[in-house]
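Residues or ranges marked as ATP binding site in Swiss-Prot: 108, 109, 110, 111, 112, 113, 114.
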């Protein structure tokens with residue numbers, strides 16, 4: 001019996017892939033740092049073993065899948081090579097796996113995870129669908145027709161894939177530790193476009209995506225009249241959003257979604273366009289759109305007394321804009337409070353003014369110290385450099401969250417890609433202690 005061993009199983013993509021293989025009746029185990037990470041909950045529910053890193057975890061007969069964050073010098077990878085066991089990097093293994101299905105890659109600087117989650121939810125309402133979402137969620141179906149997966153542009157990892165379809169949500173400059181500029185980002189997406197086998201669904205409102213060249217049809221969606229799929233007559237309500245879809249200027253149907261903000265309409269349009277081209281029944285699409293509950297760390301909302309707490313992964317100015325816009329649509333009468341933790345020194349420095357501009361759209365801003373990722377832990381920049389660019393911004397630590405209590409009827413949005421959740425947890429605990 002083959003055992004699949006994951007080196008770095010708590011990574012968001014790795015965790016999802018492990019879940020898929022387990023659901024397909026394979027034996028799966030993995031290793032990682034002992035620090036608890038949100039992705040391990042789904043692994044534990046499936047009784048997938050999570051071991052501390054140890055070269056003795058590697059044994060003959062295993063299939064070794066290694067996370068991209070771990071170098072060839074990692075003790076388990078070295079042990080595998082000493083035993084002449086091939087080591088499959090995550091993105092290469094995923095590329096091989098998806099070739100067995102009608103595959104749909106969802107990529108873009110922003111909106112990948114939400115769109116992948118929405119597409120998976122809609123498709124599985126009509127056909128058996130396996131999916132891999134970048135929030136650590138994976139689901140495998142043995143007789144799948146479709147394989148829907150999130151494809152990341154960072155370090156051009158998505159060039160390991162040759163999908164049947166690609167949804168491209170947008171092109172924006174991010175990951176300044178790797179990409180030189182927007183032209184470098186575009187070149188990566190252009191190269192990816194040439195690897196797609198059946199068709200590309202791209203946001204036509206995005207100026208960069210308008211320039212994409214491909215060997216397959218490129219179908220554009222968006223708000224502009226030149227798009228193949230266009231959203232019109234948009235009704236933004238506190239219980240979701242309703243809009244009409246026109247296909248090449250001909251009315252197609254009216255859809256309701258559970259999401260808020262223009263970005264949610266665009267995500268849904270991409271899904272509607274793909275389903276149209278795969279002849280998925282429109283009534284099934286409409287129903288599934290109304291039952292989507294979202295993905296982890298993307299506008300996850302919970303009430304707490306008179307306040308509302310939202311947990312969101314937003315870590316780029318464009319994403320912060322979208323999250324604040326969505327909060328204002330759903331809660332038009334409430335004070336919007338942003339609690340933001342910048343992620344990586346390189347990104348914070350590159351987009352310092354843009355971060356200040358986007359955060360200033362909240363009524364009050366609190367800033368946590370910069371979170372240095374595993375890729376870089378040093379920088380001369382400090383959080384005060386961002387604070388002085390935002391009127392009234394205050395600094396906050398996980399021991400001073402009680403200051404948030406004064407926003408009696410506020411919507412508190414905890415945003416970031418680092419460990420912002422510990423600040424949220426500290427505040428929730430603070431409130432619970434005070435209520436006793």
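Cβ from N, Cα, C; glycine included.
Shown on the structure are the features that Swiss-Prot records.
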{"residue": "108", "record": "ATP binding site", "Cβ contacts under 8 Å, 6 or more apart": "115, 153, 167, 168, 169, 170, 171, 203"}
{"residue": "109", "record": "ATP binding site", "Cβ contacts under 8 Å, 6 or more apart": "153, 169, 170, 171, 172, 173, 174, 185, 316, 318"}
{"residue": "110", "record": "ATP binding site", "Cβ contacts under 8 Å, 6 or more apart": "169, 170, 172, 263, 316, 318, 319, 322"}
{"residue": "111", "record": "ATP binding site", "Cβ contacts under 8 Å, 6 or more apart": "169, 170, 263, 266, 267"}
{"residue": "112", "record": "ATP binding site", "Cβ contacts under 8 Å, 6 or more apart": "106, 134, 150, 151, 152, 169"}
{"residue": "113", "record": "ATP binding site", "Cβ contacts under 8 Å, 6 or more apart": "133, 134, 135, 150, 295, 298, 313"}
{"residue": "114", "record": "ATP binding site", "Cβ contacts under 8 Å, 6 or more apart": "259, 263, 264, 267, 294, 295, 298"}
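DSSP assigns residue 109 (ATP binding site) to coil in the three-state reduction, placing it in neither a helix nor a strand. Taking the mean position of the Cβ atoms of 108, 109, 110, 111, 112, 113, 114 as the ATP site, the remaining same-chain residues with a Cβ inside 8 Å of that point are 106, 115, 169, 170.
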